[in-house]
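Step one of this worksheet: look at the structure below.
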Amino acid sequence: MPEAGLAEAFGVTEEARAKINLALHVTGQRPDGYHLLEMLVTFADCGDRLGFLPAQADAFTLSGPFGAMLAGDGNNLVLRARDLLREQVGALAFPVHIHLQKNLPIASGIGGGSADAAATLRGLMRLWGMDLPAETLASLALTLGADVPMCFESRPLIARGIGEKIEAVPDLPAFAMVLANPLKGVSTPEVFRRLAAKNNPALHLARSLSATSDWLTAIGSARNDLEPPACELVPEIAMISQMLQAQGALITRMSGSGATCFGIFSTMTAAQEAAAALHGERPDWYVQATETVSGGM
């Protein structure tokens, strides 16, 4: 469904922006098995879109290039978010038709499902006229998944713990970027299992960062600790980084547990040209030129 069509057909719409891990440091592991992370996160202008409309009975419909992959999944995060919020608000939660325009690859390291869940919480709160306390929303979001609280914010941030400790980063600038994914699945549990070390150095960012060049230097000196084991599972990840570098990317890195990689470029024109070249070489991959949001939004 085109963007204009979604806005016309549904009274409330929400963007589910792609989540980009500019840095992901694995710094430890809790007794319950969850890994401790320190992440610098931003969000892209591209992503999924959702529409919400009052209905006689609950309905869920799909469109978009990756929508068919979710068909028949009655336990996806959108429906879980709807049901969880309904339990919280009770009788005020009338039946709703939710439409998901699935533009992002499934399980690709850029928070698609988590962003959809967060957008569902935001959209249904608007549709149902709800205004829940921040701590209640944070608890609901974390119940849905470790990435959902940061996707609910959808702005540049540092996340720690398992992702629930969030600190805004108002000085992070916008970046011209290319996202690329070979459309091969990566098992997140297997990536963590293959980690060579689980107590890696913490993420350190100077408090005085302001210029874009300073941020690029800081991001360049950071890392994604999940990238080496993910490359063992999907060698195309390393290939993507090499191809982005060949197109002039200033920084390349994998996002999340993969397999999406990003390249930061000096201008949006350079990013668009690189995306076109990459798509020409690998038309079977997901390739998207985009711009990330700034901390000032």
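Placement of Cβ uses the backbone N, Cα and C atoms for every residue, glycine included.
Copied over from Swiss-Prot:
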- LYS19: active site (ACT_SITE)
- ASP147: active site (ACT_SITE)
- PRO105, ILE106, ALA107, SER108, GLY109, ILE110, GLY111, GLY112, GLY113, SER114, ALA115: ATP binding site (BINDING)
Distant-in-sequence Cβ neighbours of GLY113 (ATP binding site), under 8 Å, six or more positions away: ASN76, LEU77, ILE106, ALA107, GLY145
Candidate with the highest Cβ count within 10 Å, taken from the binding-site residues ALA107, ALA115: ALA115
Would you count the other CB atoms within 10 A of the CB of ASP147 (active site), including those on all shown protein chains? 28
Per 10 Å Cβ neighbour count, which of the binding-site residues PRO105, GLY109 ranks highest? GLY109
Residue pair LYS19 (active site), PRO105 (ATP binding site) - Cα distance, angstrom, rounded: 12
Note down the number of other Cβ atoms within 10 Å of the Cβ of GLY111 (ATP binding site), including every protein chain shown. 29
What Cα-Cα separation, expressed in whole Å, is found between ASP147 (active site) and ALA115 (ATP binding site)? 8
